[in-house]
C-alpha cells in the first residue's frame, strides 16, 4: 500500500513542479505546436504552444514508480516493467512524429504508414515478451487468450498451436494480430482524442485510474494470495502481479494529474503524439495484463467514440462522394463548430468518459459478485 500511495505522490509532484521547466526548455528548442489550417479558427491562437509534453509524463511516471520502490524497499515485477516498456516504446514513436513536425514546421510528421509500422514493431516485440518470463507457478504476464474480465476459454489462441507447425503459425499469428489491434486501437484512440486543452489528459486519468481499482481488487482476490478466503476460491483472479499493475497505474495517473495543471485551458503545453501514444500504450498494456481486454470498450469508451467518429466520417465521405456526417472529426471538433465553448466540450466529454469508466468498473465488480 505504501508503494501505491508513494508512486502517485512522487510522480504528481514531479510533473506539477517541473513541467514549467520543460515548457521553457521546449520553447527554447522551438518545439511548438503547429495547427491544421482546416481546423477551428479558435485553435490558430494555439500555434507555437510547447508540445511533446509526453516526455514530462513519461519521466514523471518513471521517477515516481522507481523512487517509490526504492523508498519502500519493494521489488519491481516483470508485469510492471512491461507496462512501462510499451508506454516508452510508443512514446518514442510519437516523439519521432512530433520532432519531424517541429523540424518541418507543419502539422504532419511521420507518414501514416510509417507511424503504423512503428506501432506494429513496438507492439509485436511487446506481445512476444508478455508470454515469456514465467514465474514459479508457471504464469506468464499475459496469456494467448482473449479476455473480458477473465480469460475466455473458447478463445485461446494457444489451443491452435497444438495442431503441428501450421497450427503454431496460425495460433501465434492470430495472437499477434489481436494484440496489435488492441494496442493500435488504444493508442490511436487517445491520439485522436488529444485535440482540445486537457481532453486526452483528463480522459486518460479516468481510464487508467480504473486499473488502479481493478489491480488492487485482483491482488486481494488473487488465486496466488495466501490470505484468500477459501469461500472465494472459485472466483479468484489468475492474474500475474496485479498489485504491481496498480502501483504503476498510480504512478501514471499521478504524472498525468500534475501535467494536467499546465495542460488545462488555456494550455501552456500539449502532450503531443509523444504523450497520447504513450498513454494509449499504457491503457492497452494494463487491459491485456489484467485480463480485461474486451472490458476496454467501456473503460476506454470515450477513446472508442472519438476514434469511431473519424472512421465513420471517412467511410461516409468516400461512400457518398464528399458528404459528411459531422461538421468535422474527431467528434469533439464537431461540437466546437456547433458553437460549444472548448471548455464545455472538454467538461462534458470528461463526464461521458467518467460514466463509461464507472460502467466498466461496475461491470467488473458485478461479474465477481455473480461468479
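Including glycine, each Cβ sits where the backbone N, Cα and C put it.
Computed from a predicted structure; not experimentally measured.
Annotated transmembrane segment per Swiss-Prot: 3-23, 51-71, 76-96, 113-133, 163-183, 196-216, 242-262, 269-291, 349-369, in sequence order.
If you look at the transmembrane segment (196-216) against the transmembrane segment (349-369), you find at least three C-beta pairs under 8 angstroms, all six or more positions apart, and that counts as contact.
Each of 3-23, 113-133, 163-183, 349-369 was scored by its Cβ pairs under 8 Å to the transmembrane segment (51-71), and the highest score goes to 3-23. Count of Cβ pairs under 8 Å against the transmembrane segment (113-133): among 3-23, 163-183, 349-369, the largest is for 163-183.
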